[in-house]
């Protein structure tokens, strides 16, 4: 772009300056709208959504800084013949343009790689913290792009004829051979990686997965034919990754794993990523690579190369929003985008993870699964956590609940919430308990014992009375009978004493060797009482509880061991719901 006269090449550049400026403003608004639309439609930002937002942000910077700078300088030169590029503006333009060009190439390649990873290895993708890896990839992309693109500004250029000496000759052949070769190789690597990942994704989606599904159905059908008595094996669906939400004892979301996408959503996202990759390769990657190759070969930079590079860069910033808008998953209306803008401007600090911190109303946040690990039919969206009133945190319902990555001492435990403070009505107690759960009941007069001195004086007599009552057949009772007689008083009157001590229940919960209190083994024959203290065999209210510092007078009157099989539906009685509450909060 040598200065002097209004030659044909100068006239062509200046005639396009106003168009570049208008298209840059339109691209800036369109990409900003796309970022707000994705944020409004997807409350939980996944790796693909994050990469799409970063790609749109890169296009905003491309339209706002280098392209707008080039257009403004050309308009200024058209208005004043004395104005021209200076060294500082040219260096800023070259550094920002090549930084954003490389960042766009690598972000598109990373987008296609994450989609291939999610389709080809779905379980590994969900267990590998892909969101953090996407953030690290973006930081690495920007670091590499910025370092390489700023090297020409600090001396890595052709010293014979510097690219900013006459105008601003930003084609790679005018900057330097070393920079041109490195830039072309990095650009070629990003293009090839994106195309390979898209090809693997399409193969996995269109051929490999349906073929494996057909093979699984044929294998299941043959097994079902051989073992027809088992039933249902021939029609077993293909494996799907369950949606898992990990919560602490207060229901606070700690981490989550997304489940398998529906066929419609998977196809939409795959088509969108593939379209973005082909858009970039056809409009930006390959044209810039061809221009760089021919410019290095001929050691020249004619005006058509400048026009081709700038218009290709502008075209991709305009077409990306239209591609994302065509995907129904990320299409938001004006009202939704406006609400998202208001939420961002108001800087609302409320929790947006679908959980609640205040559990004084007795609600429990949880995600339920069936026995095969699939999500229940009640809620397919893992971000929408259901608040179920009237549920107690000590005992899960019939359907299996997956509490993952929560320490045993924190699982259904007492650390962060006081679940023993609120008294409940007699009708809110458990209506039915498993017949395999045996509860020993001592006489009513034994519950009125005093402190440890009285208990030590009558311990042997109480043990003899226990054995006599058990021999007579009156030592076993249901949990409901135990609670009504021991906590509520006989005849449903006012309570005469506490049901269990807090230390008793928490010790039972924390010291159980199984994944949860609900998964204890089946009943076993009664064994002689061991002489030594074993915390894993400590029953609620046993005399041995003195080793953990429990009051002995009241704990001696209640001895309880809760057992039951996890696989038995009778272990939890009839189904629980808001109209059929379960074990309430116990009082002290």
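The backbone N, Cα and C atoms fix where each Cβ goes, glycine too.
Screening 222, 262, 435 against Swiss-Prot annotations picks out 435 (annotated as phosphoserine). Note on 260, 413, 490: Swiss-Prot annotates phosphoserine at 413; no matching annotation appears for the rest, which is not proof of its absence. Membrane topology as recorded by Swiss-Prot puts residue 47 and residue 329 together on one face. Listed stretches 18-38, 50-70, 92-112, 175-195, 304-324 were compared with the transmembrane segment (134-154); the greatest number of C-beta pairs under 8 angstroms is found for 92-112. The transmembrane segment (175-195) makes no contact with the transmembrane segment (304-324): fewer than 3 of their CB pairs lie within 8 A, with pairs spaced 6 or more apart in sequence.
Around residue 86 (N-linked glycosylation site), a 10 Å sphere centred on its CB holds 11 further CB atoms from the protein chains shown. Outside the transmembrane segment (18-38) by six or more residues, the chain places 49, 52-53, 56-57, 59-60, 62-64, 67-68, 70-72, 74-75, 310, 314, 317-318, 320-322, 324-325, 330-332, 336-337, 340-341 with a CB less than 8 A from a CB of the stretch. Taking Cβ pairs closer than 8 Å, the topological domain 'Cytoplasmic' (39-49) reaches residues 111, 114-115, 118, 130-131, 133-134, 256, 258, 269, 273, 329-332, 336-337, 339-340, 352, 383 in its own chain, all 6 or more past its ends.
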